[in-house]
């Protein structure tokens, strides 16, 4: 779950990390009033969306008058911002962040992720701030300095100082960086984050460090114990089908293809998508119904897949272990009866109660294509799409 920049900065402030004075505004009038609270210009106005690349898309601007602030707010509030990280529709803009402009001398990068290989929280710092860290990692990986947090000892001030020295910071900046490092590490651990970035972390012309931007992602599996973060969730920034799936504890990710996939198990789901691609098809989604699938969840999964207008056929691939194939069959029958299906449905059932599931589908009278293997299923669903 991602948060907006203004929400990330609110959390930064609570953990003792410096950020520009700013206000999130929902109307042009609020934006003008925010400028008055901040004081004399120039100011920076930023569209608040869950996507990078806002500046290049016109969603970030330095302005010198309140009239310009109003014009920016009127131009963007209620509209959609399209960046290289969004789809063609873009993301809706419901808030504008108005901040005091900062005199920048240098731009740095500081971020943290959970590294699965080491099973540790790993901090990354670089002198190449203001650009995508992925690009830096690809082109000049030697400019990224890493620091691993010991899960027993926790973050230590000396680790922050060590990173500061590697970034070429001196004097008071070393202490400032160490404080930001400790605040960010504490925030990461206490709030069950999956990712956090300050990009850029700037050195001002006065020699001070300020968190100029903030990107924060929470671990969705830990939200049950983070009620404050749950309240910050902006569902308007998420895919409607993905949000609906999450309510039913379904793992769904929308893709750009036209073959809907319903599978149990993340590994099998990825393998199913691969074999569909291998035979010339394009998956419309990743959907894992999980091991504890019920008839109701399977029905809802089917409805979510069919709510995508791009879907021209559906492939159901179930290996019955924990989940019973006859329950999957009941869910398919229930979904078809409730929603109505006008696209071909290819079903491959193997394992626990597969014969009973196949019999239920055959007796239902539904127009379902039975597959004998995963390869057969992929070939049949690709052929079904090609014939439409």
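Backbone N, Cα and C define each Cβ position, glycine as well.
Sequence annotations record features per position, and here Swiss-Prot assigns ATP binding site to 46, 53, 54, 55, 99, 102, 107 based on sequence analysis. In the three-state DSSP scheme, residue 46 (ATP binding site) falls into the strand class. Summarising the environment of residue 46 (ATP binding site), the number of other Cβ atoms within 10 Å of its Cβ, over all protein chains shown, is 24.
What Swiss-Prot records for 199, 213 is Mg(2+) binding site. Annotation note: residue 213 (Mg(2+) binding site) sits in a coil segment as assigned by DSSP. The Cβ of residue 213 (Mg(2+) binding site) lies under 8 Å from the Cβ of 5, 197, 198, 199, 200, each of these being in the same chain and 6 or more residues away along the sequence.
The annotation substrate binding site is assigned in Swiss-Prot to 264, 321, 322, 323 on the grounds of sequence analysis. Secondary structure from DSSP puts residue 322 (substrate binding site) in coil.
The domain 'ATP-grasp' feature in Swiss-Prot is assigned to 9-244.
Comparing the binding-site residues 199, 264 on other C-beta atoms within 10 angstroms of each C-beta gives the minimum for 199. Between the alpha carbons (Cα) of residue 53 (ATP binding site) and residue 321 (substrate binding site) lies a span of roughly 44 Å.
Less than 8 angstroms from the CB of residue 107 (ATP binding site) sit 129, 130, 200, 201, 202, 203, 212, each of them six or more residues away in the same chain. Across the binding-site residues listed here (322, 323), the residue whose Cβ sits among the most other Cβ atoms within 10 Å is 323.
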